[in-house]
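Asks: Below you will find the structure I want to go over with you.
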Amino acid sequence: MKTSDILTFECETGNYHTFCPISCVAWLYQKIEDSFFLVVGTKTRGYLSQNAPGVMTFAEPRYAMAELEEGDISAQLNDQKELERICLQVRNDRNPSVIIWIGTCTTEITKMDLEGIAPKLEKQVGIPIVVARANGLDYAFTQGEDTALAAMTHRCPEINPRVMNQQKGDAAKLVAVDVSPSDKLFDEKIGLNKGSLVLFGSLPSSVAAQLNLELKRQSISVSGWLPSQKYNELPALGEGVYVCGVNPFLSRTATASMRRRRCQLIGAPFPIGPDGTRAWIEKICSVFDVKPDGLGERENQIWKILIDYLEIITGKSASFMGDNLLEISIARFLIRRGMVVYEVGIPYMDRRYQAAELLLLQQTCRKMRRPMPRIVEKPDNYSQVQRMHELQPDLAITGMAHANPSEARDIDTKWSVEFTFAQIHGSVNARDALELVTRPLRRGVDSVSDCRRLSRQTLDVQQS
Amino acid sequence: MKLAYRMYAGPAHIGTLRVASSFKNVHAIMHAPLGDDYFNVMRSTSERERDFTPVTASVVDRHVLARGSQEKVINNISRKDEEQHPDLIVLTPTCTSSISQEDLQNFVDRASLSSESDVILADVNYHRVNELQAADRTLEQIIRFYLDRARKQGTLDRSVANAPSANIIGIFTPGFHNQHDCRELKRLLGELGVAVNQVIPEGGYLKYLRDLPRAWFNIVPYREVGLMTATLSEREYGMPYISITPMGISNTADFIVQVGKLVNVWAYALLEKRLNYKLYVDNQTKFVSQAAWFSKSIDCQNLAGKEAAIFGDATHAASITKILVKEMGIRVSCSGTYRKHDAERFNEQVQGLCGEVVVTEDHTEVGDTTARIEPSAIFGTQMERHIGKRIDIPCGVISSPVHIQNSPPGYRPFLGYEGTNQVADLIYNSFHLGMEDHSSDVFGGHDTRSISTKSLSTGRSDINWTPEAESEPNRIPGFVRGKIKRNTEVSARRNNILEITIDATYAAKEKSSS
């Protein structure tokens, strides 16, 4: 295969498997505790959201379908009246603090004016209604979260300069408790010059707390997260607020907070893996004029803890088929630990939002003397399978549609959806991320003789 | 618009895909937006399928929306034709294509000119039919297509086979225990001296479909899928069919009687003899199947008069109802199905066997009914299993929709004589667990089983929450919130409190923790 020193980007046909972006509901409703997600669409979408998250949907979820019937599509029924009836029912059943409408392909095609109806109904129902158009016409899988968070940036309160200063004072005081007096002066200096920091991206609260702590070690306090645990606790945005993403698929949220809320975006690699976490913190520190302290030591420490996993993956090769946009960051993390990555498939590549991550990927490849992976946007799964057949990577990171068939063809597979649900952010969770990656490599099912290739299709070929 | 939390049967295109991907070397191309091809995920995970699911999407994106698919669908069809040489490509419409109203038939006509594969458009209307109806139609459509062609080309073999033989229609993927049922049916037929001509659609090659009419008769084990094909062959090729599901001892006996009748029609003419299966049925019932003895044994006495609620597809719900009532002496307080368009027949089947009949697609209605009648066990789908979990009643899963745990690698047929054993185990184990649970309650366990804790309905409470008390349960982690809220209401009701204040919530908490 061809290798090159610069990153190459290709774009294929877009015939690939991924989840519909409405599946973001599955983790967002858990994150935002007082929310209710209403997916406005047809049975096709409902069936997905019930099947994709599997067991989770059975546990009394705070989401439902507003299932469109023939009368809705042929406009015999009035959208606004129908939605009003349903939202009142949701209010009576669940009494949420916010209802989030997820627009689907169907509402796009029928041009249902969700954004227009929402403000009217908001008054009648008395609950805020946020509209996110997370449809499969425009977006893939995790980008659903992006549309939802972008819609929510508009609901964040405007930052009040006076309160901001006070908060900064408080933060400086808090920090002062566990730093030496000389640092205290330094902190107050930042407090005077710099704005507050809001992080965006939905993470489990424990992971968010860990990242907060990592930054606090560098005397940087996080003033809020988008999304917050509760809708009423959305962070204040506005001029002078710095925002920084924790996930690679949040480009619309980044754009919305810059253009519509006049925040400043910190473009950093994403805190996935110890290297990513370190680079992420360093970048934030540089913006806040803080000299990072002890990061190198900390990174080395984490790598040391991971030594048993690193032995498994060093020298092994991997291919990403691409479905959740985390691919670049995870590939960079794996290359840093000595893996060879042949191909990184990715549904959509925002080269501006991911610029720092791409740069780190390049640096990592040079440093580790590994070939640059080919980055394939909108991949074609059929061609990818052919390429994988040729290259025979030790590990394929694919969606669930291809996982079992690849295993049957003797290619160890990690299904990629798990990365969106597992805790992989921050130094602390690097172990979890590697736990996932190495799982297929650690299984050791070779003991059953002659069971490597189990596909029925290949058997047929041999027989005929 | 309809507020829906869960659904029993999927959208129409799923049915089409299930049939298409069950045949060998048939490829389905969906006209759908990105992400709608999650059927591949379902098949490859829930069935642990080893091979790539032969389904791709011709992706509908903004460009398609603005300008129409133009050459895209045709290109996708010809590309698949070249890459994988399928015998047939089924273009599958989704809700998106039904709304965007593209002329898919036109694409099919044009594509079939250039491609070596046959190309057809699945004739399913998204808004009118659900998954199961669509599967039934698509199967009939494919069979009709190939039989018509064979007739035109003169290759149709209409000579009746020399020995008794049957087609099994309606075994497909991912169906509830279909693979095991198929094996059991083959075994049963083998013991009756009936050869299996063809099984469709699962594993069937299209080129052999022309031999379909050679069988003496057709067997449609499940009501959901296959009846349309069976009636087609009856009408056009004079093939009789059996639609009795051989599930449970008496149903299996009835099924065999039917087989006997149909076999003897030709057997006398062709082989000059009559077959009699009476002895076989007797022997199987008494000794091979343990179910008859099991119901007679003292263990099963304990089940007498116990109550059960049943819900599922028409085939399984009706058969299990019959088994519980007639073969095990269990009272069925409620039997129901989500197959609304088959309600009449379902009513007929369970008439006189159960207290009430519920025909609905609304899973909260099923939940509320179950909660109200408080059976000792539920037999239903995965959704009923979760209802059971919430209201603390054991549940045996008897019908799809199901999880991966209902695609067991071990041999678990529901049909035939081995099926009666499996069903007996399932039923007995569900109740047994129920009794254990009960005895732990009696011996100093927690006594939380009162009717009001079992209500699943939301927003139908006569109790008011003051605003500050309302915020209290919100501080509790989501997954236990409902339970704690209910406990609070129960405690309030016991003390005749109609308005729940913050004090009342704490009082309830104290009580439940003490």
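Cβ from N, Cα, C; glycine included.
Curation does not apply to TrEMBL; its annotations are automatic.
These came from TrEMBL, pasted as-is:
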{"type": "ACT_SITE", "residues": "B:Asp299", "note": "active site, proton donor"}
{"type": "BINDING", "residues": "B:Asp36", "note": "[4Fe-4S] cluster binding site"}
{"type": "BINDING", "residues": "B:Gly434, B:Met435", "note": "substrate binding site"}
{"type": "COMPBIAS", "residues": "B:453-464", "note": "compositional bias 'Polar residues'"}
{"type": "DOMAIN", "residues": "B:12-431", "note": "domain 'Nitrogenase/oxidoreductase component 1'"}
{"type": "REGION", "residues": "B:453-476", "note": "region 'Disordered'"}
Asks: Quick one: pull the CA-CA distance for B:Asp36 ([4Fe-4S] cluster binding site) versus the residue listed as 'active site, proton donor', whole Å only.
Replies: 49
Asks: Tell me the Cβ neighbour count for the residue listed as 'active site, proton donor', meaning other Cβ atoms within 10 Å of its Cβ, over all protein chains shown.
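Replies: Cβ-Cβ neighbours of the residue listed as 'active site, proton donor' within 10 Å number 11.
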Asks: Let me check the 10 A CB neighbour count of B:Asp36 ([4Fe-4S] cluster binding site). How many other CB atoms are there?
Replies: 24
Asks: Let me know the model's mean pLDDT on the domain 'Nitrogenase/oxidoreductase component 1' (B:12-431).
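Replies: Computed over the domain 'Nitrogenase/oxidoreductase component 1' (B:12-431), the mean pLDDT is 91 on the 0 to 100 scale.
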